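According to Swiss-Prot:
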type	residues	note
ACT_SITE	GLU174	active site
ACT_SITE	HIS242	active site
ACT_SITE	CYS357	active site, nucleophile
BINDING	19-28, ASN110, 137-138, ARG206, ASP244, ASN351	substrate binding site
Amino acid sequence: MIVSEVNFDGLIGPTHNYAGLSRGNVASALHAGQPSYPRQAALQGLEKMKHLMDMGLTQGVFLPPLRPVTHLLHHLGYKGDDKTILKQAAKDDRLLFNNLCSASSMWAANAATVISEFDSHDGRVHFITANLATMLHRHLEAQTTYAQLNQIFSNSCFFAMHHPLPCGQHFSDEGAANHMRITSAHGRTGINIFVYGEKNDIYPARQKLRASQAVARLGEVKPDLAWFIPQKKEAIAKGAFHNDVVAVANEYVLLAHAEAFEDQGEWIKRIAEKIDGFIPIIIDNITLEQAVKSYLFNSQIVTLKDRTMALILPQEVKSDPAVWETVNRIISGNNPIKKAVVVDVRESMANGGGPACLRLRVPLSKAALEAVDQRFILTPKRWEKLYQLVENFWPEKITPDDLVLPELWKTAVRAHWALTSWLG
């Protein structure tokens, strides 16, 4: 059975902006109020996808939902057509309105937690849609994300789809950004590491233990394969609002900051006892602040056809000499990571999302991949058409003040229908 990992990247939507909605996200706060460049943002994301395609990897795409959201306003008692209620909401409650316009669905790592068929009791790939309950602008994505996942992975012989957990911070779940799978190979049984946050006095911990436990139950993870590890409080306090800001794993390799987890040494020892050939790469020569600013650990590690691995990094790693030296030490070290690919995702980075944030990892057998809706799998031809579509329909530049302009809403609708046509 041939099993590979397919990355599904979120296409960045036409209302991409810097409204500073995400408490605990250092980059979001730093760039709040600045102009954004939605067209450039989406093209940067597409170029990253093309890099992986050119490396011989299968690449999928998630399409952005229509923004601004209007259904919530109807639930809140607004009356009239979409244009009328959006105008009124923008006048009444600007913060609420800004939440309705967010393009944060681009960060597909928060779409769901994915459980491999080799780790689930029923032998299917399980998708547990994240409720994203901590932040309103993220929570508004949950139901449309579930619908899109259900469309792409509709074959119940191979896939099991789960609704988001009940809303409320008791069950706050932010998806694969707080989940790592460590295994000797994608096609073998592995440990599912669920990283959760404990109470923090500075920033909210977005992943609750009881949520992670529920996700493991829903995904039918075999009990001995579900491990629950607390994220280090200092990491959250320094701006690591998801585990994937301080750690990333691929097959039997773990790349992590030395202060990523509580009792880290003990957990590393336990993983080594469970997984043959486990290689931990623990970085202790840069600070948590450097890790958060550079997003070194928000990289993608991918397995290439020759069984070596590549590190897909944001270009910001080159801005800090100590971080860039660390990258070079990694790829020259005694581990399978032999290639560093630097990509430009500056527009996403300015809102707190690096290469790893932009993708959802889905391990698929050859048969399961064939059962996926192929319209969401990119080929060179479909990628080119999507690239041209973005160039034609995405606005070049917007500011947070532009979000209230009806012309921008019309632009977003036109882009949405163009994507619908592209999908076919």
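Positions of Cβ are set from backbone N, Cα and C atoms, glycine also.
Swiss-Prot feature annotations superimposed on the structure.
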residue	record	contacts (Cβ under 8 Å, 6+ apart)
ALA19	substrate binding site	ALA32, GLY33, ASN98, CYS101, SER102, PRO400, LEU403
LEU21	substrate binding site	SER28, ASN98, ASN99, SER102, SER104, MET135, LEU136, HIS137
ASN25	substrate binding site	GLY239, PHE241, ASN351, GLY352
ALA27	substrate binding site	MET349, ALA350, ASN351, GLY352
ASN110	substrate binding site	ALA130, LEU132, ARG138, GLU141, GLU174, GLY175, ALA176, ALA177, HIS242, CYS357
ASP244	substrate binding site	ALA109, ALA176, ALA177, ASN178, PHE297, ASN298, ALA356, CYS357
| task | Using DSSP with the three-state reduction, classify ARG138 (substrate binding site) as helix, strand or coil. | result | helix
| task | Mind telling me which of the recorded positions ARG23, ARG138, HIS242 has the densest Cβ neighbourhood, counting other Cβ atoms within 10 Å? | result | HIS242
